[in-house]
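As recorded in TrEMBL, the features of this protein are as follows:
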DOMAIN    1-77  domain 'Fibronectin type-III'
DOMAIN    135-223  domain 'Fibronectin type-III'
DOMAIN    224-312  domain 'Fibronectin type-III'
DOMAIN    313-401  domain 'Fibronectin type-III'
DOMAIN    402-491  domain 'Fibronectin type-III'
DOMAIN    806-1063  domain 'Tyrosine-protein phosphatase'
DOMAIN    981-1054  domain 'Tyrosine specific protein phosphatases'
TRANSMEM  740-764  transmembrane segment
Amino acid sequence: KVNLTWAVSDAASNSYTYRIEVVNGASVRNLTSDVTKTEITDLIPGTMYNFTVFAVVNGGLTEGEGVSISLSTSKYTTTKSKPKPTNKKNPFLPHHTYPFPVHTSTFPREPWEFYQTDVLAGWQFVVLPFTEPSPIHDLKAEYVGTEKVNLTWAVSDAASNSYTYRVEVVNGASVRNLTSDVTKIEITELLPGTMYNFTVFAVVNGSLTEGEGVSISLYTKPSPIHDLKAEYIGAEKVNLMWAVSDAASNSYTYRIEVVNGASVRNLTSDVTKIEITELIPGTLYNFTVFAVVNGGLTEGEGVSISLYTKPSPIHDLKAEYVGAEKVNLTWAVSDAASNSYTYRIEVVNGASVRNLTSDVTKVEVTELLPGTMYNFTVFAVVNGGLTEGEGVSISLYTKPSSVLDLKEEYVGMTSVNLTWAVSDAASNSYTYRIEVGNGVSVRNLTSSVTKVEITGLIPGTMYNFTVFAVAADGQTEGEGVSISLYTIPALVNSFQCESVANQSSLMLKWECPSGNNSGFKIKIFNDTWEKEEWTPSCLREGSEETFITAPLDYYSTYMVTITTLSNSSESPSVQKMCNTSITDPPAPSKAPLVEAVSHNSLSVEFSDFESVHGPLKAYAVMITADEQGCGSLKSKLNNTYRDFKKKMTVTYVTYVIETEQAKSPSFHSQDGTNIINVGKGNTMYGYENGPLIPLRSYRASVAGFTNITFTTAKIIVGEDSYVSFSPCSEAVLLPQDPGVIAGAVIGCLLALLAVVAIGGFIFWRRRRKDKRNTEVSFSPIKSKMIKVENFESYFKKQQADSSCGFAEEYEELKSAGVHQPKFAAELAENRGKNRYNNVLPYDISRVKLSDQGSATDDYINANYMPGYNSKKAFIAAQGPLPNTIEDFWRMIWEKSIYSIVMLTKCVEQARTKCEQYWPDKQSKSYGDIIVTMVSEVVLPEWTIRDFTVEKSNTPESHTVRQFHFTSWPDHGVPETTDLLINFRHLVHEYSSQNPIDSPILVHCSAGVGRTGTFIAIDRLIQQIEMENTVDVYGVVYDLRMHRPLMVQTEDQYVFLNQCVMDIIRSQKDKKTDLIYQNMTAMAIYENFTPGPGFGKANGYHA
């Protein structure tokens, strides 16, 4: 039996009953009690029971939680001897422990088992056996954690069901005890990573009896590390670091497990960081770190971090293509893991940054700016873009865009000017490479601006010019843009034209020009006709080329231009004025008129031969006594009167006369008549004009020569002369010699006087009709001085009958000066420098330029002309030709000319009268003379231009003013006299301020008509002022002795006299004085225009 007691503290406990559940294995029974104790009987001795007490209310329907106690009943009984108490100090305690002897036969020895005796009435005894529980065995740690350990063990004792266990936990000096009712225990509140000794004791008898302890020593696991992170991630190594909070961490080591797929390796570290090397770039690794104690036997929980190693830097980064707006990059990568890589491409331009991605080892980068510096950095990327390798960079310029609008601004013989445009934003930093190729050679030029002058080219050659824009690095070029051009072919050198003797063709000669050519175009023309011909190319520079033109007109002037050709381009033309050869003059159709003059003389009258084949240089009168006629005469030109007298021939030359015909081709045919007396006895050259034989018949023929050649004996060489013959005249029979008849002497004398009188009369008549007697010389009058007060009556007289008096005076002036030599102008080298072949300067007064190395370099078509106060007050010149402009400015420089008077327009009636020899805006060089126009004032009737003239390589310069009168028609006169008079005063006012030895240069087209009129006006005005006399005739005569044809037309001569008349009348009317005191030249220069009433009352209107 068992007696149980308990207590309850509820306020309602008075109403409680109690249910006691008694369990023994599968056997369960329930008892009740109304009080807080109960006696349970009918128990089995030596058996373990579990007693559970439940407080019950509500008639047994409601129970509290049960409280249990387990205990064994005793299977032994004690002896019935009364024990002797051992606790003598407390003999009155309610419970006493007495030692009882145990009979051996009834107490088998089973260690560590409780024995309980049956109690005697009124007594309670506890019997302690003498044996201890056996030591436990198989003690082991079923679980070791950081702060707890689960231990298990086994026990073999039969009484082990009644055992409890004391577990002694020792850590250094720290000891604590735990108990367990079962063969296992969970020990908590331990220190991580710490060495503990656990000893387990089996205990019985209420912990009074213990068996031998069994021990186990072990470490708790360290706590997991924390803050694990990668301090550095490289391509082949990773630096990890972590933290640990355990108190025992000083004794820790660490195992690092490195896992890559199936590959696992372990590393150790004594500190909380590690460098892990020999990794594979761009690879995912799992790193797990374990804190370790106990020599590596005890590990904490691992803490992991997964990361990719950085990919290796890419290599062989290069630009596979560089364009203006895109770049193609390629690269290589050697990593084993590269199949999983992507790539980030960083594109940097100044402050602008953008990123591109690529799945392969190349990328096309677009939307770039042309000609711009970019830095491209390529990063290999893994882990979804989170892990990048080191970047590899390449810096380069995009190509500039191709240039635009490439064109030629100028194409010359040896140079080309190109211009182009470029639209790129970066173009300010560009330079340009210009590739110049001609199929044989290639050269390169550079320019920092969008234009270039390319020199040193070969004339007439096809060139391909390619322009590349070059970026600021000087190496990156855009696409080239090309233009193909031919340079202008070179002008021919030493162009000459020569007449072909006795042929109408011209022989042209020139030197093969430099460079290439495809031939030459030759243009031959005059005022009424033109023709073009072509010649093949030449190859060797400097070789002499010749060309004979098709037949032209004899004795004609042609302008011949030669142009070098090269495919579609042409050189500037070189021009020459050329004269075809003379030849035999056309034979006249009319026979000479022959009349008997005396018994031994004839008169032969014939008209001038036509001079279309050349000027007639001479005539020869041939006489024949052949009854059959003249026959062939050319072979008989060497027969003389002496041969005739010796009866060696019946046909001979009796008279030779030279004639001067220097007239232009349009005036070759003249109505002149010549009379020759045959038989007078005079001698001309090697021919005697001997008396004829009376009573014989004679015929005459006239030989006309355009070229006559004599032997040293002055006998004509017919084969070398250009000659034709008139038809033979009718036969004329001479009368008998009058000396034979007595008394005929007086009659002959009278007849002779009559012949002389008739001859004189005929001579006078022929002079009036512009017919000439070749045996009479004439000396014209040189002056007709008239006082101012008599001029008006003189003017009216000469003006009567349609100015007949002025016409006669003008006719008298025609021969003035015409016989003076013009050798320099007629030289073949100088013919091309003359605008007109009938206006050639006399040698005696021509202007000579400085010698430039050639004998003809001093020639220019210009003469010094006398003014009122100086013999060289003026220079009269023709308007410059294209090939004489440099000579013209050389004359201005060398002769210190400050004033130019120009009296023609450059083009009149669609014909070029004068080349524009001055620059318009920019300075221009004429040889070594540099001319700059500094001002221009254009007025209705004239224009004033100022120039600065300087010579290369000298510091000297001076100003030149050009007075350009624009209202004077060719071969005509100005509209009114006051226009020219005012213009003359304008020039005079300015020129009077120039150095006294500086001549005024005056020119029109030919330099004779308008030029002569202007110079004459100036002289006449000063003559009126200084002498009160007028000599229009004398002034013109004087001018014509210095230059031919001065005051070229009769209208101009009449206009001169009208000007004088108007000046004299204006003086009389006192409207103004001669030098216009209230109207200075500068006032005129400053846009002065004469008033409507000025000079009109007596003004001459042409």
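Glycine too: its Cβ is placed from the backbone N, Cα and C atoms.
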Mean pLDDT across the domain 'Fibronectin type-III' (313-401), rounded to an integer, is what?
95
Using DSSP, how many residues of the domain 'Tyrosine specific protein phosphatases' (981-1054) fall into helix, strand and coil, respectively?
44 helix, 6 strand, 24 coil
Secondary structure composition of the domain 'Fibronectin type-III' (402-491) [DSSP: H/G/I, E/B, coil]
3 helix, 47 strand, 40 coil
DSSP-wise, what's the residue breakdown of the domain 'Fibronectin type-III' (224-312) into helix, strand and coil?
3 helix, 51 strand, 35 coil
On the DSSP side of things, how many residues of the domain 'Fibronectin type-III' (135-223) fall into helix, strand and coil, could you say?
5 helix, 51 strand, 33 coil
When DSSP states are grouped into helix, strand and coil, how many residues of the domain 'Fibronectin type-III' (1-77) land in each?
3 helix, 41 strand, 33 coil
